[in-house]
Amino acid sequence: MIIEIQPTTTAWQMPYSGDYENKSIWNGSRGIWSVDIKQPEINIVRRYTPLPLYFMKSEYTRSGDRSPLLKVIDPDIDEYDREGTMCLYIKRYDDGEVSKYITSKKIGDTLELRGPYFEFKFPRHPLNLHYSRPIFKDIPSKVEPENFRSSIIQQNGLPDIDTIDFYGGGTGIAPILQVLFSRKPYLGHVNVHYSTRGAEELGPSLSRFLFFLDKL
């Protein structure tokens, strides 16, 4: 299941309003982060990797005539990241106390989160001072070309950027998707080795994104 969550308060936004682009937690060139979610009935927590996604809503989706379309937050036109909106990609296990608790929630119910926690930080590369990679968008033709990266590396005598090899299965694909969907994606190439019984397990929305990422 892909579940959209958003904060119940806006008070936290004020410290970020001045320089949000540099303060934003959605920085794929920095590393991978997660949050704890609490199951208060038995007082246990599990850690999940949020994704910068949201469901497009309209009068048709609210009335049930259509299913909401899952989209990647575009910081150039969307305010969802500034509002704290994010999605969790969760598999419900019959013996999973937290996953059962989260997936049984109704729209408007509250979850308790704690974090963020950086699970892994990428080594700082000097190219970050000179260049930002174009962000991923829902339609590949809208993604800006990387015209100047090679020339900037050559002109400034910078070292090559490491290639990431990522291995995962099931909902474990979330960490690398966070890196690739964030407002500042990782600057190097990424090879994803992903195991699943079939593409249908991902659902149509994530399968579409993986197809576009492969093309890009």
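Glycine is no exception: its Cβ is also placed from the backbone N, Cα and C atoms.
Annotated features, as they stand in TrEMBL:
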type	residues	note
BINDING	Lys91, Val98, Ser99	FAD binding site
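There are 21 other Cβ atoms within 10 Å of the Cβ belonging to Ser99 (FAD binding site). Listed in sequence order, the residues Arg46, Ile90, Arg92, Tyr93, Gly96, Lys100, Ile102, Thr103 complete the 8 Å Cβ shell around the FAD site centroid, once Lys91, Val98, Ser99 themselves are left out. Around the Cβ of Lys91 (FAD binding site), the same chain contributes Met1, Ser99, Gly170, Thr171, each under 8 angstroms and 6 or more positions distant in sequence.
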